[in-house]
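Noted in TrEMBL for the protein shown:
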type	residues	note
DOMAIN	39-74	domain 'EF-hand'
DOMAIN	75-110	domain 'EF-hand'
DOMAIN	119-154	domain 'EF-hand'
TRANSMEM	195-213	transmembrane segment
TRANSMEM	233-252	transmembrane segment
TRANSMEM	272-293	transmembrane segment
TRANSMEM	313-339	transmembrane segment
TRANSMEM	351-368	transmembrane segment
REGION	526-567	region 'Disordered'
COMPBIAS	545-556	compositional bias 'Basic and acidic residues'
Amino acid sequence: MSAEEDSHWLDWVTKQFESIAGDDKEIDIDEFKTALKVKESFFAERFFALFDSDGSGSISLTELLEALQLLIHGSESDKLHFLFQVYDVDGSGSIDPDELRTVLKSCLRESAISLPEEKLDDLTLALFESADKDNSGSITFEELKAELENFPEVMENLTISAANWLKPPAVDPQKRRGAPRYLTQAYWQNNSRKLLFLVLYALLNLTLFLGAVMQQRGGGGWFMMAKGCGQCLNFNCTFIMVLMLRRFLTWLRATWVVRVLPLDQNILLHQIVGYAILVFTTAHTTAHIFNFGKLSESGDFQLWEYLLTTRPGIGWVGGAASLTGIVLQLAIGLMVLCSSTFVRRSGHFEVFYWSHLSYVWVWSLLMVHCSNFWKWFVVPGLMFLLEKIVGMAVSRMAGLYIVEVNMLPSKVTHLVIKRPQFFHFKPGDYVYINIPAIAKYEWHPFTISSPPEQSDSLWLHIRSMGQWTNRLYEFFRTQEEQLEPKRLSASLRRRRVAEEFFSSTDCNGVASNEDDAIELKMYRQRGLTPPPDPQAPPPDPAEPPPDRLEPAERGEAPPLREVPAKLGENHRVCNIKVCKHI
């Protein structure tokens, strides 16, 4: 950060602190996260512990600014020492290989440098072994600093101001200027098919509205408006169903229609039609209320009787049009509310899921409410029913479980899923997956990244971009840490034990790795026979001596050993729906 940016940032920190701190002018860990908008809990807790110089469990503005001044204006050695303290979680004055790997990974990410996990492991172990002069299995700050002085570029990357982790997110220049993105030429070119669809959709609704109004032009203004909105609702309440026929849309993608209509944006269009239904429903209900008000002035029934009873006999099934209309208005409003972004992405997906299932009741009530709705519904309804039956059959494919998980750079989760026997797909196809351990009712689409020729498994590479994908990544990362909390430390210990063993000249053993333990097995050097067993019976002179050579020494292929696969807790069960994307 420049000097001007540092000054503005410190002023921002001061204002944030003063707006949150209480009468005691101090903040605790939760208020600290809120004040500085720190997202990573690990960093927040470590920073807070280091800023809390008196160990009181809270920090004052003076403690905070003194620590931040050191991070901003301190020397490279001061910044490196601060980082060393951040990752020395137990306060032992030294860090192990896994802690060093965390330092490297975080700081390289801060410097916009990406390394594969294997390369990062190699870099960590190489740096650790070079710095661990006494082979103690841990390195002190002096050892790390002395080693990094030999690599100035690495030293520079590691000593980038740790205050960058505490900076608030940068504001998008376009958002700051309020640029009208929807009016740019690039937006119109990139969204031409969507805009064409919206124009055609609006024209179709306008045509339906005007047609219904003209048919009822003798019934008064409010009645005409109610009928026009009702005709639009007949169309929209069935068209919204068509936009969710995934297999039908997949088939359309193989035709010329894909060049005209935005079939890949069916979810967005589904949302737009949903909001249109809410608008038309509200207008339809409002128009009927005003029309009933006029009728109650000169008729035999009062307004509440028109709305809440079947006495006026309005409707083709027992005069229940008004009652079903009120219930439909409430149900559609609730569905739209519960499908809002703030509900779906705030950890309440089940609210969205269960409220959306009320579409069955909405369609049933529409059948009772409107005498013509069934004509609009019959064909899309049969297609929807067939889609659901096929989807349920496919999602119940037996034997689907995750056989392997790899945590890749850039927070990518690589899932290896057992491939069903009769599962066929083409390049570019995607699947909807459901992992009950993550979220019981959520299904999410991901492109299959493995080739169709790979018959035993399916590969999915899932980048953490939203709530569900972040939960997926954190779930398996936690499992990995529980299984191997000190993976690099154990690897280094095994390597050093093996090196010490093979460097010994009076040992006849071979090291093998089994369950993170080193086991020594006796071996025989080439051309030598083992010492005789004094308790063994003497050999028969007529029997030829046994062939002491191993199969590989005789030029033969060694026998294959079958290793049975274990279906343990790491085999996470999942469900799959298949969709082809051409």
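Yeah, the Cβs are placed from backbone N, Cα and C, and that goes for glycine too.
If one looks beyond the transmembrane segment (233-252) by at least 6 residues along the same chain, the residues whose Cβ comes under 8 Å of a Cβ in the stretch are 204-205, 208, 258, 261, 263, 266-267, 269-270, 273-274, 276-277, 280-281, 284, 359, 362-363, 366, 370, 372-373, 376-377, 380-381, 383-384, 387, 390-391, 579-582.
Secondary structure by DSSP for the domain 'EF-hand' (119-154): 24 helix, 2 strand, 10 coil. Mapped onto DSSP classes, the domain 'EF-hand' (75-110) shows 26 helix, 2 strand, 8 coil.
Break the domain 'EF-hand' (39-74) down by DSSP state and the numbers are 24 helix, 2 strand, 10 coil.
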